[in-house]
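Written below as structure tokens is the structure these notes are about.
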Amino acid sequence: MASVVCNSSTTTTTTLKTPFTSLGSTPKPSQLFLHGKRNKTFKVSCKVTNNNGDQDETNSVDRRNVLLGLGGLYGVANAIPLAASATPIPSPDLKTCGRATISDGPLVPYSCCPPPMPTNFDTIPYYKFPSMTKLRIRTPAHAVDEEYIAKYNLAISRMRDLDKTEPLNPLGFKQQANIHCAYCNGAYIIGGKELQVHNSWLFFPFHRWYLYFYERILGKLIDDPTFALPYWNWDHPKGMRLPPMFDREGSSLYDERRNPQVRNGTVLDLGSFGDKVETTQLQLMSNNLTLMYRQMVTNAPCPLLFFGAPYVLGNNVEAPGTIETIPHIPVHIWAGTVRGSRFPDGDVSYGEDMGNFYSAGLDPVFYCHHGNVDRMWNEWKAIGGKRRDISEKDWLNSEFFFYDEHKNPYRVKVRDCLDTKKMGYDYAPMPTPWRNFKPKTKASVGKVNTSTLPPANDVFPLAKMDKTISFAINRPASSRTQQEKNEQEEMLTFNNIRYDNRGYIRFDVFLNVDNNVNANELDKSEFAGSYTSLPHVHRVGENDHTAKVNFQLAITELLEDIGLEDEDTIAVTLVPKKGGEGISIENVEIKLVDC
């Protein structure tokens with residue numbers, strides 16, 4: 001079985017001056033996202049990969065053979081705006097599936113390609129929702145009763161049994177997990193880079209469809225069409241621990257490769273970067289609620305900021321939305337093992353199961369985690385304002401491929417997954433305390449004396465972020481009117497950040513503090529945001545593991561809260577939390593971006 005992989009190439013690039021560009025729309029304001037370069041010419045070339053890993057170049061291929069759709073690895077690279085030649089992403093032709101690669105180099109020692117292969121992909125029908133008599137209600141995992149736990153264990157147990165009796169059954173536990181593996185760890189390449197649906201506006205709709213079919217398969221296995229997955233309610237203090245039903249050794253919900261630190265009621269860190277934060281449980285919960293407020297409210301006032309940048313055929317866009325960045329990635333890091341243990345040929349340094357996207361679906365808690373990620377889509381729209389689904393046809397008409405609970409293959413469109421009730425399920429309501437958790441306490445008194453800090457031009461380019469760094473930076477305008485703020489967002493931009501994408505990365509950004517800031521207390525007005533990354537496969541060349549990103553934070557609201565609106569120069573502090581010695585930054589600037 002061979003894989004045909006197409007890519008788009010560029011001859012020149014230009015740096016974006018606005019956060020996002022799309023057909024028929026104006027640039028959107030940005031709070032926290034990554035952006036990159038614009039392609040100026042389009043060329044299609046293809047690479048054929050067989051099961052032995054051998055590759056041959058070919059010159060052309062039908063556009064439907066450009067693959068996307070069944071999963072993705074969170075990664076960070078350059079985001080590319082929607083090009084004039086943009087088209088919706090087609091569902092994948094599974095005949096092109098090849099071998100996947102683990103984040104730090106070796107090939108996944110088994111095939112992640114989902115069987116059976118459709119004989120004629122173009123004849124696969126589009127999915128139509130079956131009739132229903134009542135909604136499936138997803139409940140918070142910490143609140144389920146023993147009857148539900150027994151039913152859930154039975155469903156997963158029967159799914160695992162299929163691995164033994166019918167290893168090629170697409171409804172089996174490993175085959176379902178392989179959906180995430182096959183399309184996230186380098187099996188497909190576009191534009192010279194490994195393809196992934198994470199890091200773009202496809203993240204939310206793909207995972208919604210993924211869980212939809214997974215849930216229906218579990219219900220079919222126990223003959224209960226009303227069965228619904230639980231959701232890990234990590235945005236509420238009552239859910240900020242591993243749900244107890246996943247920590248029962250010997251049950252089908254238990255994963256022995258889960259990080260042992262998550263056991264015994266340990267409080268979850270929604271900003272986890274792999275190391276334990278030395279602070280109190282109360283402070284950690286406060287940090288979590290602050291992160292939720294920043295990512296759901298402050299940092300996501302517009303659709304493309306929440307969902308992520310466009311991913312369109314011909315462009316390799318990798319720019320995640322706010323929730324995909326935090327807390328989605330940190331929960332994976334927190335629950336994943338520190339060292340690999342799956343392979344008999346020696347120790348490896350990458351995390352496993354939840355800690356690495358090729359293996360994430362092998363931990364049942366993955367689907368519970370993504371249940372709450374999916375719930376955040378509904379909760380975000382309920383906040384109001386400009387928070388609504390994307391209206392661009394290139395998003396609405398993008399497609400994925402799945403097998404249903406009867407092993408029938410179907411194509412699905414993004415436009416059909418915007419309303420969970422129409423899909424037949426909903427979420428049991430839970431309070432959302434983060435909605436009113438805007439940081440009000442200040443970490444400092446008054447204004448930091450910027451004359452005592454080195455100017456940004458003297459600090460950057462920064463060769464490595466091996467310690468806390470403070471600098472002064474000039475603003476393009478001060479004392480702006482409310483109308484001016486409504487029209488343009490003030491953006492703090494770190495250009496050309498580079499690091500090895502095979503390790504965990506995390507650094508925090510504060511305004512108006514100095515090197516003595518307590519970076520373990522995020523519930524302060526001066527906390528602007530964090531950059532984080534999970535080990536991932538994203539190479540430009542054969543041995544190139546360098547991520548290149550631009551990172552932007554909106555600071556209009558923060559300057560108001562801190563009382564610095566009238567200042568011409570402000571203080572910025574970077575606090576490395578993980579991997580800082582390998583992080584370099586070319587320059588930093590503040591600019592006004594059209595809203």
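Yeah, the Cβs are placed from backbone N, Cα and C, and that goes for glycine too.
According to TrEMBL:
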{"type": "DISULFID", "residues": "C97-C113", "note": "disulfide bond"}
{"type": "DISULFID", "residues": "C112-C181", "note": "disulfide bond"}
{"type": "BINDING", "residues": "H180, H198, H207", "note": "Cu cation A binding site"}
{"type": "DOMAIN", "residues": "198-215", "note": "domain 'Tyrosinase copper-binding'"}
{"type": "BINDING", "residues": "H328, H332, H370", "note": "Cu cation B binding site"}
{"type": "DOMAIN", "residues": "363-374", "note": "domain 'Tyrosinase copper-binding'"}
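Residue density at H198 (Cu cation A binding site): 27 other Cβ atoms are found within 10 A of its Cβ, drawing on all protein chains shown.
Listed in sequence order, the residues of the same chain lying 6 or more apart from H370 (Cu cation B binding site) and placing their CB within less than 8 Å of its CB are H207, Y210, L211.
Listed binding-site residues: H180, H207, H328, H332. The one with the lowest count of other Cβ atoms within 10 Å of its Cβ is H332. Note on the domain 'Tyrosinase copper-binding' (363-374): residues 138, 141, 156, 180, 204, 207-208, 210-211, 214, 229-235, 239, 242-243, 246, 252-253, 255, 257-258, 323-324, 328, 331-332, 335, 353-354, 420 of its chain, located 6 or more positions outside it, place their CB under 8 angstroms from a CB of the stretch.
Secondary structure by DSSP for the domain 'Tyrosinase copper-binding' (363-374): 10 helix, 0 strand, 2 coil. Cα to Cα, H332 (Cu cation B binding site) and C181 (disulfide bond) are separated by 15 Å. Straight-line distance linking the Cα atoms of H180 (Cu cation A binding site) and H328 (Cu cation B binding site), rounded to a whole number, equals 15 Å. Spacing of C181 (disulfide bond) relative to H198 (Cu cation A binding site) is 12 Å (Cα to Cα, whole number).
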